[in-house]
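First the structure, in the form of structure tokens, and then the observations on it.
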Amino acid sequence: MTAIDEKTPAGAASALLEVRAAGKTFGGVIALRDVSMRVCAGEVTCVLGDNGAGKSTLIKILSGMHAPDSGEYLVDGVPAAFTSPRDALDRGIATLYQDLAMIPLMSVWRNFFLGSEPRLGWGPFRRFDVARAKHVVREELRSMGIDIRDVDQPVGTLSGGERQSVAIARAVHFGARVLILDEPTSALGVKQAGVVLRYIAQARDRGLGVVFITHNPHHAYPIGDRFLLLNRGASLGEYGKADITREELTSLMAGGAELEQLAHELSRGDPAG
Amino acid sequence: MTVADERLVRTGVARRLLIRPELGAVVGAVAVFGFFASQSATFRSIEGVANWLDPASTLGIMAVAIALLMIGGEFDLSAGVLTGTTGLIMVILATRYGLPIWAAMLVALVVALLIGFVNGLIVVRTKLPSFIVTLGTFLMLQGVNLGVTKALTGTVQVSGLRKAEGYEEARALLAGTIPVGGTDFRVAILWWIGVTALATWVLTRTRAGNWIFAVGGDDQAARAVGVPAERTKIALFMTTAVAAWLVGSIMALRFTSVQANSGIGQEFIYIIAAVIGGCLLTGGYGSAIGAALGAVIFGMADKGIVFAGWDADWFKFFLGAMLLLATLANRFVRRYAEEVRH
């Protein structure tokens, strides 16, 4: 199952998305300041940070919901001026939020094409091309290596990991070049998270740029090519995989000193109890 | 790949059948038919069938429209009284102002579309529950129907449609009968079948149908992928209004007169038929065929109790029991549909 597309690895040189010294303030709160990152085709850029680190603000800038107050946002090397997520989507930047915008009572194939139904026929007889929709969904899922028993089953019967996978396949099918995944593994068990990571790898191997937002370094490290660490709205640095070990990542992520302090406190309290 | 195919076959027929929303209504219709057919020979005769299909047809047209609306996640309590409003407009214009029947019907249609549009617009703009919004419209229309009728005629009904221009043609088209095997069947039955077929096609085979399921299933998620949720819902309210206009016209042409309180109390019967037909009160699930079958069950019970020689007072009890059973069945279906399988 090495389904590598023609439009694959353009090399690290060409960045699909690039953010340079971006900042964003909401009222008196600095949500993000001086953050830079790159997303390249065929690479996974992980954005790590604790709650309140500025991950959500960064996603909203990338997905076109907010424009940065300062700094630059480049798409294909050209400054982007998105006014809505629709603009970003039209440029191939797809954002998948945790709730995934799927309807539980509707079948997989109906959900897959919701809002972009393929149609057949003419005038008042124009109809949803059901046969093609089912066929395309089956093919897309299969080519991503996603094993869904039956495309007719309601999405509500899929597990969380399967839903994520279908959402990824949907974004890929509708021409996404960049996938922004907001905490896709946070609500999942170990096994399900592994499944989703595998599909992220699939998307990467097809030449998509992936932005993977998470607070779990153990999910990020195996799949990431670059790691952007955020803390209280500021960047703690962007690292290539060669520049950082899993332990360093975990420790930076947890705020190394704080973690040591915590370990100290806990160990002292232990014998007493 | 072959693995996926194998699993596909295994999960096939039984599950797909069980998950059909109209399953409950099919079972119910067969059971109710079997029951009354065993009680009364008239019930199972062709005259009997023509007899109980008659109330089923006009109710069915409304139930199908209401089912679409309920799948889209909304209610319309004004639909019943609107059948009266459209009938009254048509008869008043044709008898008091000398308009030809067709012109009077056209005006009534425009008014119906407008009322449907306003219902929909208020619901999508204010995000108030449609139950409350259309309850308001229901009461307002009830008042208008009575007030205007009394002001114009001094009585609570308008009549004399027979003398209007184009009456015979309109009656033949909407309220006539067709002989089948020596028995006269109401032509409304054909309209009902047509409406059900059209609604089923729209629901299952068009983009609009996908949108209806989506806005009822999860409004926000539907918007997020670009479904025009507001337009879809307003169109559903307008569709319901058109159905009310059709039924109002059928009734007015059949009886040549309309009572000012006509259609009141019917709105819940439509909802009951739709729910018996598998619609969830929470939206996003249901079927037009199911609603049509819900209307059949209603028609069979309505006439069957009389044919069986029972006290017709028991009809409401029967209806309530059917509704309760249907909602229980639907709850199981929904649980089954939403249950995570690995």
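Note that the numbers count up from 1, one per residue, in the order the chain is shown.
Glycine too: its Cβ is placed from the backbone N, Cα and C atoms.
Any TrEMBL annotation is an automated prediction that lacks curation.
As stated in TrEMBL, the feature transmembrane segment covers range B:17-37 out of the listed B:17-37, B:185-205. Scored by C-beta pairs under 8 angstroms, the transmembrane segment (B:101-124) has its highest count with B:234-256, from the stretches B:17-37, B:49-71, B:234-256, B:268-294.
The stretch from B:49-71, B:234-256, B:268-294 that makes the most Cβ contacts under 8 Å with the transmembrane segment (B:17-37) is B:268-294.
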